[in-house]
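Going by TrEMBL, these are the annotated features:
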- 1-29: region 'Disordered' (REGION)
- 88-106: transmembrane segment (TRANSMEM)
- 118-138: transmembrane segment (TRANSMEM)
- 171-193: transmembrane segment (TRANSMEM)
- 199-218: transmembrane segment (TRANSMEM)
- 230-250: transmembrane segment (TRANSMEM)
- 495-525: region 'Disordered' (REGION)
Amino acid sequence: MAEDRKTTSSSVEWRVTMPDNHSSGRAEQGVEWQVKVPEGSTVKVEHETSLVVRAWAQMVQFLVRRKDMFIGFLKNAWKLGVDDPRKVMHGLKVGLALALVSLFYYTRPLYDGVGGAAMWAIMTVVVVFEYTVGGCLYKGFNRATATSTAGAIALGVHWVAHKSGKQFEPVILSGSVFLLASAATFSRFVPTIKTKFDYGITIFILTYSLVAVSGYRVDALLQMAQQRVSTISIGIFICLCVCIMIRPVWAGQELHLLITRNMDKLAASLEGCIEEYFEEDSGTEKEKKSQKSQGYKAVLNSKASEESQANLARWEPRHGRFGFRHPWSEYLKVGVAMRYTAYCLEALNGCINSDIQAANSVKKCLSDECKKLGTQCAMVLWELSNSIKEMAQSSRLELLVCDMNLAVQDLQDALRSLPSQLQKEALQAAQVQKTSISSATITSVKNENIVTMPLMEVLPVITMASLLIEISVRIEGIVDAVESLADLSEFKPVSDEKPAKVVPSDDDASVAAQGSETKKTIPEV
């Protein structure tokens, strides 16, 4: 007997008819499916694809994904080359240096002159050639000094070991390798040596170990050492010639530009934070301001780059506006002062993104003063950046600092008058609406209305204002560091000509009476 199973859904009826296993009927008869579909509906029957078709589809998808990844890689590489063509030029310079040094291996007269040690010149180019001139000089000097020193010591130890006899020769050589390698490795932990000669110590250990070990089985050890030193010198010379003569990249100039870029980002980030906090925007404008306010992170993450470039810049000769003994350490002090300000700016950004926010009515009480102070602080940073870029002292810096101090005083006065201002506005609103506003309560004491407002509604904006005052204090530290850099670097003095544009202020008379510097304290509210 056949068995019928019927399943009904809201719109489709399925019927399955299964044959009886004991029936001697048609053997080829299988499961019969019947589908009832309402009028106007369509049914699409999908046949099961074979294994070969599925495998081919997966292979095609894999190839398409790999093609998209390769095209994306090419686009990123093209964008990187377009943004900074010097990186493309660096690759071409490395290729040219390797092509030149390989002539000592391919050309018979040159090969006979250096012997089989020509491969050391190629290895030297690969490990010594750097992006900046300072890096190339640093590695070249360390490699030449370490190779010469290690080779001379190895020859001396080999001579002593050879005179001691065959029995003591391997003992002396192995002991010298152990002692010198241990002492050199330990010296890398000394901060001064690690900063200036870390690469040289590594080359010293490598060279001494190779010469000491290989010299045990080589008779003409002095000739082998001379060939290696000469080929290494050739490789260093080719590296320096190509790196300095063809589109050189100076580490000192890179450090100079890095400091000015970070200062511009710090100013833009400060301005963006103030705009984001006090202006109510939505959509694209808010995202742009949020991205703008994140520029301080570049300042916080640039410490390692600044120290590395300052260390490499000390090796560079006089170039452009930078002398041989240019005070590169002063740039590090400017960077430290900027990071000190950026830490406070990070706290300010955290205050902006906090879940606890002040009411808009409270923000309006300090909006003008905070915006004014933020603008003045940003103008001081931009003026300092321009002064470093042009390597000239600014004629407007003192005036801008005085305006920033006046803005600080205005904000402090606004903080002192904030309770009375909030009380006045709340009373006016309560009289108009005849209801309590937010969580404020109105009581009558001696025929005077007093408004009590919760502290959590006022504390965020007070914190914001206090951080802004602290940022202005730390910016004065940046001003001091830049002035010290200007004095030691001999920036161009201020010209006797009047500045092109000076905006007079109503408080100029009070500024002259108070002097060029105003002490700032955070008020107690």
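Each residue, glycine too, has its Cβ placed from N, Cα and C.
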### Task
Spell out yes or no: are there three or more C-beta pairs under 8 angstroms between the transmembrane segment (88-106) and the transmembrane segment (230-250), with each pair 6 or more apart in sequence?
yes
## Note on the structure
Outside the transmembrane segment (199-218), at least 6 residues beyond either end, the same-chain residues with a Cβ under 8 Å of its Cβ set are 138-139, 141-143, 145-147, 149-151, 153-155, 157-158, 169-170, 173, 176-177, 180-181, 184-185, 187-188, 193, 224-225
#### Entry: Outside the transmembrane segment (118-138), six or more residues from its ends: residues with CB under 8 Å to it
87, 90, 93-94, 97-98, 101-102, 104-105, 110-111, 199, 228, 231-232, 234-236, 238-240, 242-244, 248-252, 254, 309, 311-316, 319
